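Below is one structure; the comments refer to it alone.
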Amino acid sequence: MYKSQYISGQREKFVRLDDIDSSSSPATGMMMQRNCFGFNLKNRGGEKKKASKSFREGVKKIRSEGLITIGKSVTRAVFPEDLRITEKKIFDPQDKTLLVWNRLFVISCILAVSVDPLFFYLPIVDNSGSSCIGIDTKLAVTTTTLRTIVDVFYLTRMALQFRTAYIAPSSRVFGRGELVIDPAKIAERYLTRYFVVDFLAVLPLPQIAVWKFLHGSKGSDVLPTKTALLNIVIVQYIPRFVRFIPLTSELKKTAGAFAEGAWAGAAYYLLWYMLASHITGAFWYMLSVERNDTCWRFACKVQPDPRLCVQILYCGTKFVSSGETEWIKTVPELLKSNCSAKADDSKFNYGIYGQAISSGIVSSTTFFSKFCYCLWWGLQNLSTLGQGLQTSTFPGEVLFSIAIAIAGLLLFALLIGNMQTYLQSLTVRLEEMRIKRRDSEQWMHHRSLPQNLRERVRRYDQYKWLETRGVDEENIVQSLPKDLRRDIKRHLCLNLVRRVPLFANMDERLLDAICERLKPSLFTESTYIVREGDPVNEMMFIIRGRLESVTTDGGRSGFFNRGLLKEGDFCGEELLTWALDPKAGSNLPSSTRTVKALTEVEAFALEAEELKFVASQFRRLHSRQVQQTFRFYSQQWRTWASCFIQAAWRRYSRRKNAELRRIEEKEEELGYEDEYDDESDKRPMVITRSESSSRLRSTIFASRFAANALKGHRLRSSESSKTLINLQKPPEPDFDAE
């Protein structure tokens, strides 16, 4: 079977495993080459038949011919993806389905640990008629059924252990390693490690003891059944807990954690704390019945027939003699007088079990009330470390109290501590933010910053917290593989970049390159993004918010231009001109505008070096369509275009007005000459020729002086208008660079 991989941009084929004829001599010069993706086995000379069998054929021949051992280390070692082609179902330990089953098995182990203490509730003290100790048959049937169901799940898990591959220890040099899929090796490994523990844990010993009692003579089997259940459950707890620890650790290695959420993790550890309380309460109930039985036995020692008195302490004992029956009727009164836990002058000290005897829990037939009371007793004493327990001098009782105190300490140190860690993880970011704010306030107070600067710092911290919740998104993304990082950036930024008109019609490769290099930026109100004359080190693409863009054309007096930037606009276009210029040096261009945030602004920033790289790698930026789009949406080009149009309009208006004035002047001159001719005809002939010529010359001089004065005024006004509109054209990006 061949597997293809891409190495250094080329497609290579590698052989996973080959079946080599066992008849070939070792001296045939077999050469084995190990690659980083598999094994490549080649034979030289003396071959009797070819060793080009596929991996699937090798799996079929496993029963008869065996396997080739490579270096006596890894037998039938493959990679996880090769498990899918095997005919026999072998599970990958990190398979999702197997992880779900492992979680179910962990839950079944928890249920098994919680079901076993229910056997302690089977003994019951009957004080209704004759005082005796019996077995609750209904609860016995229910408990054995639950235990059998849990054991079925446990047996299923044991069966899966024979079909779950494991990682070969010799292949853990680099990466995850190779999986051993040989069923014989898997079975050998499981049988030598955990099979004995699993077998002891799943033995149906409690079911056998209860079944024997239910189908036996009952009366004579109460004491052996009670003793057997106590010993069996305690003994089987050891392998169950021993097997549960590696199961949870294995689940953490493959899945990371049993509960991923904070509340789920807290509930998981709280469940274990409640389970410990349940076990403690069940032990307390069983030991209470034992102490009651001990008191009755002490009372029977003073009777004429102690042996017969002990026999009647267990319900179901049959007697034939009428004399014995009459004597038995007096025994309950005797037991109550000697073993009453309510009397102040009781002859027997029950110690910590007196509460169970006096409350009637041991004689109650209602399981739910009995279970809740014992659960509360266990939870109360584990939480208080057994401080309220008043023990007697009985050694078993004292040891049980010591065990409660130690268990309480361990639970607080482990379970409650882990639960607190999970709950604190919900507010750890908030606590970090509070610490940073406190440090910031102390620093500002130490440096005596003015109130307006302090308010700006507080506003920025608050805005950044609301937007990111204390998560450093950039570090999270940068820690991922390149391919995954590119896909995440594409998902987050592609639609936003396409909303920028400059990149609306770009191809996918260019958009991916831009998205991969964008960095999120946040700005609060009244923050200056860039000032006029400062170097432009990044190009900003506005995602949300409004900004003000102002220019004075280098501080020219009387010149002021203001524009608004909104969602979809960009600033720092001087950087694009610099990036598209192949002859541009390392000096960054100066900003021609001052950009100030009017509201809270979210934007993506493209740094100078990143933009230079994108412009040099993608020729799509060097197109006329991009040139027109850049000019249309550039604030610098808009300002120049508006000034250019205004200047052209003024020139046109000036020429139009000059033409109108020339027409008016001609009309005035013609009208003046006509009026002068009419007045000359009406005058008397006495006027001499000399007087007429002198007046005409004066009129001509006056009209010329007025025309020259108007012309000078127009020239001065035109020169002043030229100085107002003389705005330098923005530099043209080199879109034709190749």
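The backbone N, Cα and C atoms fix where each Cβ goes, glycine too.
Listed features, source Swiss-Prot:
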type	residues	note
TOPO_DOM	1-104	topological domain 'Cytoplasmic'
TRANSMEM	105-125	transmembrane segment
TOPO_DOM	126-139	topological domain 'Extracellular'
TRANSMEM	140-160	transmembrane segment
TOPO_DOM	161-193	topological domain 'Cytoplasmic'
TRANSMEM	194-214	transmembrane segment
TOPO_DOM	215-227	topological domain 'Extracellular'
TRANSMEM	228-248	transmembrane segment
TOPO_DOM	249-268	topological domain 'Cytoplasmic'
TRANSMEM	269-289	transmembrane segment
TOPO_DOM	290-395	topological domain 'Extracellular'
TRANSMEM	396-416	transmembrane segment
TOPO_DOM	417-738	topological domain 'Cytoplasmic'
BINDING	502-632	nucleoside 3',5'-cyclic phosphate binding site
REGION	618-633	region 'Calmodulin-binding'
DOMAIN	638-667	domain 'IQ'
REGION	671-693	region 'Disordered'
REGION	715-738	region 'Disordered'
* **Closest-packing stretch to the transmembrane segment (396-416), where packing means Cβ pairs under 8 Å, from 105-125, 140-160, 194-214, 228-248, 269-289** => 269-289
* Per DSSP, to which secondary structure element type does LYS519 (nucleoside 3',5'-cyclic phosphate binding site) belong, with helix, strand and coil as the options? -> strand
* Quick one: average pLDDT across the topological domain 'Cytoplasmic' (1-104), no decimals. => 45
* **Ranked first among 105-125, 194-214, 228-248 for CB pairs under 8 angstroms with the transmembrane segment (269-289)** => 105-125
* **Mapped DSSP class for PHE570 (nucleoside 3',5'-cyclic phosphate binding site), helix or strand or coil** => strand
* What is the Cβ neighbour count of PHE604 (nucleoside 3',5'-cyclic phosphate binding site) at a 10 Å cut-off, with all protein chains included? -> 23
* **Winner by Cβ contact number (other Cβ atoms within 10 Å) across the binding-site residues ASP553, ASN587** => ASP553
* Structure fact -> Ordered by sequence, the long-range same-chain Cβ contacts of VAL536 (nucleoside 3',5'-cyclic phosphate binding site) under 8 Å (at least 6 apart) are VAL530, GLY572, GLU574, LEU575, TRP578, LEU588, PRO589, SER590, SER591, ALA608
